[in-house]
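Annotated active site, proton donor per TrEMBL: B:37, in sequence order. The feature ATP binding site is assigned by TrEMBL to B:30-37, B:147-150, B:176, B:184-187. The (R)-pantoate binding site annotation in TrEMBL covers B:61, B:153. The beta-alanine binding site feature in TrEMBL is assigned to B:61.
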C-alpha cells in the first residue's frame, strides 16, 4: 500500500493505472476509520483494480462552531486498517495541498440540502460537494463509494453526478452497526459509558417508526411513536426525525415508493445520525 | 466527421478513443461558426488525436431579456465549416438532452464575475460554468480551447479548472479579426451597413488606450482617450471599458505585470466585445 500526500503523486499513479486500462474505486473518508469505512473499501476492492482511499478532514464542510479542530485523527492507525481492507493507495493531503487558491467559485447544494442535517448545518453540503468534486477530478474513479449512514449526503452527491455528468458511478453501501444496533461512527468515541448505553434506542426508534408507518400509513403517528421511545430511553434531544421520499428528499405522498426515515439526535454533546431506507414492501437497501 | 446528438453516443466515442490511449481536444461553441471558432479547431487538431466540437446554444447563460431565441443557428453550415477545420466529432445536443433533470445544485462564479460582462449579465457566468463542467465531464478532453475574445470567460474557466482540479488544460487562442480590425463574432451579422462601418473604432480605441497607458502609466487618462475616440467615431454607447490585472481581474496596481484592457459597446442594438491582453513590455498573447 502506498501513502501519498501530494496531488502530483496521486495524479501520476492515476495516470499510470488508467493508461494500463485498469479501473479505479475511490473511497472518500475523513479518516479515523471504523468498520463502516472498511466495508466501503472491501466493496471497492471487489469491483475495481485499484482502490484509492482519501483521508482528509475537509474544513469547508464544518460550520464555525463545529468540531473541525477536535475531529478525531489517527493516520498511523488508519494506515493499518486501510491496508487490512485491501486499499492500494491512501491519499492524505494537507489543507494547503487541497486548497492552495480560492478564486471565489462555489458549488451550492439546492433544496435537498435545506432539510435534515442541512437545516442545522448551513453550508455543510456545499463543502461536501466542493471536496467531492475535487477528489473525483483528482482520482478519476470509475466508482466512488459512500455509506448509507449519510443518506442525505449520498442523495446529494448522486444528484451532483447525475446533473453534472461526472463520468463515474456512485455506489452506496449499507450501514454497519454494533451488535446492539448503534450505527458505527467516528463520533461514538465521544460518548460516556452511560450515553453509549442509551444510544441504541436511536435505531430502535427508527424501527418502531417504520413498523408503525407500514401498518398505519400515518406519517405523524409513526414519528410520534419513535419520538416517545427516544424520550423514554435516552437523555438526548432530537435534532430531526423525518420520513421523506428517497432519493428526492421530498414530503411523502401517495405515490412515494421508496422512503428515507432519518434522524439526528444529540446524546449529551455528541450528535449521532441514523437512518433506514425502505420500500412499501419492506426495508430494501439496509437489510 | 461524425455528428452526434445524444450523450450516450458521445460517451461511447470518448470511451473508445481513450481506451486506445489517444488524446482529445474539446472546442466548446454555441455554433454559427466563424473564423475564430475554426482557429480553435485547428489549434486543437494540431495538439490532439481527436477533436470534438460541441455546438450548443446554452440557455442557462442567457438572461431573460437576452437573445437566446434569436441567437443565430445554422447547423448544416457549421458542419461544413467544422469538417474543413479538421473536427472529427460534432456534439450537438438538444436542450432536453443536456438538462433532463434539475436537482437544484448550482455553480456560482465569484468576484471575477461581478465586473466587465458579468456586471450587466447577472448569472451569465454561472451558466457558462454549468455547461462547461458538463461538457468537460462528457468529452473528457485533455485540452479545451477557448478564444481570448471572451477574456473574462477564459479567466473564470481557468479558475474553475484550477480550483476544482479538472484533469485537463485550458488553451487560449488569440482573437481573429476582420481586415479592418473588428473582432470576428457571430453577432456581427446583426450590424447594419453603417454600424458595420463604425465598428472598427472599438479596436482602434483599445489600441489608443494601450499606447496611452504604456507611455503615461495613467489608467484614467488611457481610458479617457479611448472613450473620446469611440464617442467621436461611433453612434454606440459604452457598456464598460476597463483596464484590469490578468487573469485575476482585479484593479491595476504598481505590481501588475499582465493587463486586460476590455470593452463592451452597444452599436445600435448589437453588443460587441473586444479586448487586448498585454504586458508591461507590450502586447503578449494578441500580437
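Keep in mind that glycine also has a Cβ here, set from the backbone N, Cα and C atoms.
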How many Å separate the Cα atoms of residue B:33 (ATP binding site) and residue B:153 ((R)-pantoate binding site)?
18
What's the CA-CA gap between residue B:186 (ATP binding site) and the residue listed as 'active site, proton donor' in angstrom, rounded?
10
Taking the binding-site residues one at a time (B:30, B:33, B:176), which has its Cβ surrounded by the most other Cβ atoms within 10 Å?
B:33
How many whole Å apart are the CA atoms of residue B:148 (ATP binding site) and the residue listed as 'active site, proton donor'?
11
Using Cα positions only, nearest of the recorded positions to residue B:61 ((R)-pantoate binding site) (B:30, B:36, B:37, B:176):
B:30
Express the distance between the Cα positions of residue B:30 (ATP binding site) and the residue listed as 'active site, proton donor' as a whole number of Å.
10
Output, ordered by sequence, the same-chain residues six or more apart from residue B:153 ((R)-pantoate binding site) with a CB under 8 Å from its CB, or 'none'.
B:117, B:125, B:128, B:146
Tertiary neighbours of residue B:36 (ATP binding site) (same chain, Cβ under 8 Å, six or more apart):
B:147, B:149, B:173, B:175, B:176, B:183, B:184, B:185
Which of the listed binding-site residues (B:61, B:186) has the least company, meaning the fewest other Cβ atoms within 10 Å of its Cβ?
B:186
What number of additional C-beta atoms lies within 10 angstroms of the C-beta atom of residue B:37 (active site, proton donor)?
28
